[in-house]
Amino acid sequence: MNYKIVSIPGDGIGTEVVAGAVAVLRQLEKKYGFTVEIEEHLFGGASYDVHGEMLTDATLEACKNCDAVLLGAVGGPKWENLPHEHKPEAALLKIRKELGLFANLRPAKVYDALVDASSLKADVVRGTDFVVFRELTGGIYFGQPRGYDENKGWNTMVYEKYEVERIARLAFEAARQRQGRVMSIDKANVLEVSQLWRNVVHAVHADYQDVELSDMYVDNAAMQIVRNPKQFDVIVTGNLFGDILSDISGMITGSLGMLPSASIGSKHALYEPIHGSAPDIAGQNKANPIATIASVAMMFEHSFKRTDIARDIEQAIEAALATGVRTADIAAAGDTAVSTTAMTEAIISQLK
């Protein structure tokens, strides 16, 4: 089996963490006997410095003609003062739009070795393992009309039936590979758009009777994620609610350096850590590569349909952490922090 991956390391620590992920991919090649073709392209500030644009046509075309895209991180102080349309964040929005990515997946998994790194008590977070499916292209961020004047501001929250259907199906399919439970988050007691959301999710559920479906209002969900995160398996929700809840979920794990993500469409998918480019530690071999390596696990699960390899990567991360290796962001007081390279090698050693 051959896989074609476009690697876009981006800026700051992106190059270092993607290098770690590529090293893991090379070890997986040896272990499983497949071939990975990796084509690297510039993106973000790194692309702007060379080509005068954050996202070139060549990079975009490569992303459209591969099996999956692996992104490191984009942005930094160097490019902050550019016009909005030339900023790295605008390029990220463009690539998501051009690839038709409509669902953002954010896992929240607490590794046993890191329960004390969470801001919550160990007995609350131990065993937490859920994923948030956030609709990415609809809702209040994109609804029209929108605007403001000196006296008022207005936005429109709109969802089309098909937008809800397609992300609901993704969530139900994922639940079948997990614990078989979906929690749909809305505000149907107040918002008509949430009433549509709930009706459509329940209609789709008719095709997935083997999966348990529950509903929860978003305000209660925010409380429950902090109070008892272990109760969740798959969360599916709209753009605004998902934006907020996925950040709340993320902090349960103890470090942004641990959190992978996936943005998925009907034909394409992009995988990336949720952390930024961290220019303050870039080039120092200090960054935590785990989120990027875990993003590769998501790639195998969702794009390549190899849940066995995805679980292998996740177990290797857990086993490496169990040996006591820690990068600076997850090191406890008195621990000796290891480098990006050393953490990568510790994970690879568990994959042999």
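Glycine is treated like the rest: Cβ placed from N, Cα and C.
These figures come from a predicted structure and were not determined experimentally.
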Need one residue: from Arg134, Arg181, Arg198, the one Swiss-Prot lists with Arg96, Arg106, Asp219 for substrate. Arg134
Nearest to Glu80 (NAD(+) binding site) in three-dimensional space, by Cα, is which of the binding-site residues Arg106, Arg134, Asp247? Asp247
In three-state DSSP terms, Glu80 (NAD(+) binding site) is classed as coil
Nearest by Cα to Lys187 (site 'Important for catalysis'), of the binding-site residues Pro88, Arg96, Lys286, is Arg96
What number of additional C-beta atoms lies within 10 angstroms of the C-beta atom of Arg106 (substrate binding site)? 24
Span of the recorded substrate site, as the biggest CA-CA distance among Arg96, Arg106, Arg134, Asp219 in Å, is 28
Within 10 Å of Lys286 (NAD(+) binding site) by C-alpha distance: pick out those among the recorded positions Arg106, Tyr141, Asp219, Asp243, Asp247, and say none if nothing qualifies. none
